[in-house]
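Comments concern the structure below.
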Amino acid sequence: MEAKNFAIWDYVVFAALFFISSGIGVFFAIKERKKATSREFLVGGRQMSFGPVALSLTASFMSAVTVLGTPSEVYRFGASFTVFFIAYLFVVILTSELFLPVFYRSGITSTYEYLQLRFNKPVRYAATVIYIVQTILYTGVVVYAPALALNQVTGFDLWGSVFATGIVCTFYCTLGGLKAVVWTDAFQMVVMFVGFLTVLIQGSTHAGGFHNVLEQSTNGSRLHIFDFDVDPLRRHTFWTITVGGTFTWLGIYGVNQSTIQRCISCKTEKHAKLALYFNLLGLWIILVCAVFSGLIMYSHFKDCDPWTSGIISAPDQLMPYFVMEIFATMPGLPGLFVACAFSGTLSTVAASINALATVTFEDFVKSCFPHLSDKLSTWISKGLCLLFGVMCTSMAVAASVLGGVVQASLSIHGMCGGPMLGLFSLGILFPFVNWKGALGGLLTGIILSFWVAIGAFIYPAPASKTWPLPLSTDQCIKSNVTATGSPVLSSRPAIADTWYSISYLYYSAVGCLGCIAAGVIISLLTGRQRGEAIQPLLIRPVCNLFCFWSKKYKTLCWCGVQHDSGTEQENLENGSAWKQGAESVLQNGLRRESLVHVPGYDPKDKSYNNMAFEITHF
């Protein structure tokens, strides 16, 4: 395939994205230069409002993999992706009502700090190491995959885009901290939406209007959205997307450092929840744009599929190829779409770098050096941003030699996210689970999710479960391309057509449920955790929803945790000794914050806030 090169205006539009993103980092570096504390740098001083945080969450959630991959998915498999509407709703509700209150009210900075408060240091460190490895690998692939797709279609320089992405993200993360990340994400979210909007308008115009798009998509079986087949081996059905999709995205959303860090940067818990719910609207808007882009793309290529005809070499190149065709006579607009795709990449990479710096500083540096000065701690935080920026960019270089393994590494986020979700669920929902159960459950979940995912990579699922909908090449210009048929399956073990063929969306569910089951069993065998020793702030008593009619059954389900010792506000006020003791355990001593610093309750706003965080100088 001959690449259609960018015009000068395309480069101008694309370069503007990088210059504005860098400018935001410089702005916050100058504006916040007098507030030189690690807390200000890593969590924005916990005074962010919900608007920019909501846009930032949406931008980071929707990487370039979404911008390029979701339209291609709809083009090949139909609009069943729309059912993610429901999964996103469940994910946001569970995050805001189940996980966020625990993290926000306990006053932590790293989500893994919770694991030490609830269990012990080994559990915290094990989870932190898994998160760091997982995020570096995933971020490298997120940088490389879209750069490769755009390079092969548009002629845009591959390594130029890879290094530009790494350098710019590292630059504004290191200079401006979380505030720069959040406000840059907000800007990039707008760019993503405008990019999608131009594609939708121009694409539907080429197709003769949305009515024609819907009619041709219906004729091509692309609008069969609800498939209620309960077979877990089917790639996409209503159940795999709603159930499996909820587990998958909750694992990388509800307990993910990148998401929770921005939520706890909000000035009140109410603002944090509003950020999540407004972010849900953003997720729905991006999903609708991506689905309609896929349908418009199908309408355009319905008689000549560029993938099966050999014009392009991979499905991820469909969207860039489509954009270069419909904007062939409109210089600057292809550059706007590339800016849209790379906005997703920039936001994901920046969020990852900032989150990696935060967990490393909170979980390792402050544990080893508890009495660092504010100035030194800020410089260390910036150095960590620089270090992880280099590591993520280097991982993108390594991804170039992985070949087919790239697709496998993309799923590592979900494979690790499921066991991590299970681990936090054990801590928050099961008061009797001890540290042995937590560690054993995490190990079991990791083994199960990696076992099924690696097995699926070695033995791909049967074509009957995953083969795309029909694609036509009737009106393509004939070329010397050999048609490809269904893959011929070599000798396969029996497990390959059952366990290894499970939908990829269930990988996270397998890891999560395996972790919970193993953790509960191990805890019961080794001696249950005494509920009296657990602070109520660390447990979310969801059993109250099911036992609301009986105080006896509610108390039984609390497993000894003193939820009835007073209101949660009183628990916060009376918990000073606990937090002070916990701080000596955690050694988070940089001008230590006592439990007076745990977010307090504002009766006027009916919400917990971060105004109670006061600095005590030692």
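We count from 1, first residue shown onward.
Cβ from N, Cα, C; glycine included.
Straight from TrEMBL, the features:
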- 6-30: transmembrane segment (TRANSMEM)
- 50-69: transmembrane segment (TRANSMEM)
- 81-104: transmembrane segment (TRANSMEM)
- 125-146: transmembrane segment (TRANSMEM)
- 158-178: transmembrane segment (TRANSMEM)
- 190-210: transmembrane segment (TRANSMEM)
- 236-255: transmembrane segment (TRANSMEM)
- 276-298: transmembrane segment (TRANSMEM)
- 318-342: transmembrane segment (TRANSMEM)
- 384-406: transmembrane segment (TRANSMEM)
- 412-432: transmembrane segment (TRANSMEM)
- 504-525: transmembrane segment (TRANSMEM)
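Within the same chain, the transmembrane segment (276-298) stays apart from the transmembrane segment (412-432): fewer than three Cβ pairs sit under 8 Å, each pair at least 6 residues apart. 50-69 is the stretch from 50-69, 125-146, 236-255 with the greatest number of Cβ pairs below 8 Å to the transmembrane segment (318-342). Each of 50-69, 81-104, 125-146, 190-210, 412-432 was scored by its Cβ pairs under 8 Å to the transmembrane segment (236-255), and the highest score goes to 81-104. Among 50-69, 81-104, 190-210, 81-104 has the largest number of CB pairs under 8 A with the transmembrane segment (412-432).
With Cβ pairs under 8 Å as the measure, the transmembrane segment (50-69) is packed most heavily against 125-146, out of 81-104, 125-146, 190-210. Residues 17, 55, 59, 62, 67, 216, 285-286, 289-290, 292-293, 296-297, 299-300, 322-323, 326-327, 330, 333, 336-337, 339-341, 343-344 of the same chain lie 6 or more positions beyond the ends of the transmembrane segment (190-210) yet place their CB under 8 Å from a CB of it.
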